[in-house]
Amino acid sequence: MTSFRCKILFITAIAGFSWCFRNDASPEENPNIPVIAKYFGTKGRYEEVNPYLIRDILAVNRSGLQPPSPQCREIHLTAIIRHGTRYPTAKNVKKMQKLYKLVQSSARGEESWLREILTQWTMWYTEDMDGRLVQKGVGDLKHLAVRLSKLFPTIISEEKLRGGLFKFITSSKHRCVNSTLSFKAGLTEMWVAYFSLADVEFQHAVNDALMRFFDTCTKFVQEVDNNPSALTEMDKFTQRPEMVRVQEKIADRLDVPYHLITYDMVEAAFYLCAYEFAIKTANSPWCRLFDEVDGQVMEYALDLKQFWKRGYGYDINSKSSCILFHDVFSRLEKAVNDHNSGQPVAEAVTVQVGHAETLLPLLTLLGFFKDNETLMSTNYASQRERSFRTSRMLPYAANLVLVLFDCGGQDIRLQPLVNEQPVVFPGLADRQESMPLYEDVKRQYAELLNGCDYETVCELFNHSDEI
């Protein structure tokens, strides 16, 4: 584990980094929003998950937070957060450049949007951008910090930050380190109007063992991540009539032969639309290559990829996050023990910043967003109302927040939230309480708490879940 120190400079007021949008209207009412914006999967904006943020990026929705007693108070908060909006990776830039060259050389037509691509739009994405955090991503984490402090003001407070009761952990990737710095800046810039925090230093620790566990889980790397057959269902879907029709429609719109528009070309166009919107809030002419049905088909293809590579497709996908699971519950247990012994909770707030690949296996291990039916290449139609939808689960700045409450008489409760929306722990949905007892949560996950050893499940020759 490596530690770094950062000195926060306080120049920008909250209003200075707020992102302004016209309103929270639907795409049909707001021409600045692509009609496919809510289908971008892991390339989507956080605002599409919580549309009220389009009107006010610092708004919070407390309606779902209903403690069983007015005396309930927060004693600990853990937030596991995906980095903010980023540039495309070098791999995706290459795909987009290939599509751009094809359109420039072969597309015909007089539609205004196509003329704009051919004569005005230039390929500005370069391989050296390679996933770096963009300015919108800085705002994503700053704004999230402010909103969480408004939702939980007694625990995410200036007093606790100054008192050294916050812990920040991040992946080593630049987009995660910069997202961590942005989250801290969101807090300090919010409080600078009331408190003098200049020259206060806050540490963050780089810990890839926790935040990039997927790199070192040998069984996952060899049997899933580096195994082409692991994505067979996605590959089959790209050959299905639903996807072939999307390819044909794009070829028709560009007036090019069908054979030129492969699935990779369709994906590149989809990403061009997504990145232009996420980074620049622009309804790019590239978005005109898709209608809403096309967006739904593309979302399903990308959901198949995430399902089989990071989600419920293979047991090792979720089990690879055992190390993070145990870390989270050890922090919760330590906070409860501190509190019950009458001592101040030593670590009131833990903020851990990682990747979509960090968050999805953990959400899967906890059992969230699990459908009765497995996502397959052949059941697109029956999965239209599925819970496993990465556009809603894993936008930029996606987060899992766990808040411990003391509701009196050592009545300790645990409230989970995903993307600031309260959710119910699987297996505890039949309970009447909006926040389950912490002991009930531990009983629900007893098998994992007593097992799920990272080194054991990641051994390559553990044949319990062969593909």
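The backbone N, Cα and C atoms fix where each Cβ goes, glycine too.
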Disulphide bridge to Cys287 as given by TrEMBL, partner from Cys273, Cys322: Cys273
Cys72: disulphide-linked cysteine among Cys322, Cys407, Cys452 [source: TrEMBL]: Cys407
Nonlocal neighbours by CB distance (under 8 Å) for Cys72 (disulfide bond), same chain, sequence gap 6 or more: Phe405, Asp406, Cys407, Gly408, Arg413, Met435
Neighbour tally for Cys287 (disulfide bond), based on other Cβ positions within 10 Å of its Cβ: 24
Neighbour tally for Cys407 (disulfide bond), based on other Cβ positions within 10 Å of its Cβ: 18
Proximal but sequence-remote residues of the same chain as Cys273 (disulfide bond) (Cβ under 8 Å, at least 6 apart): Pro34, Ile36, Phe40, Ser284, Trp286, Cys287, Leu289, Phe290
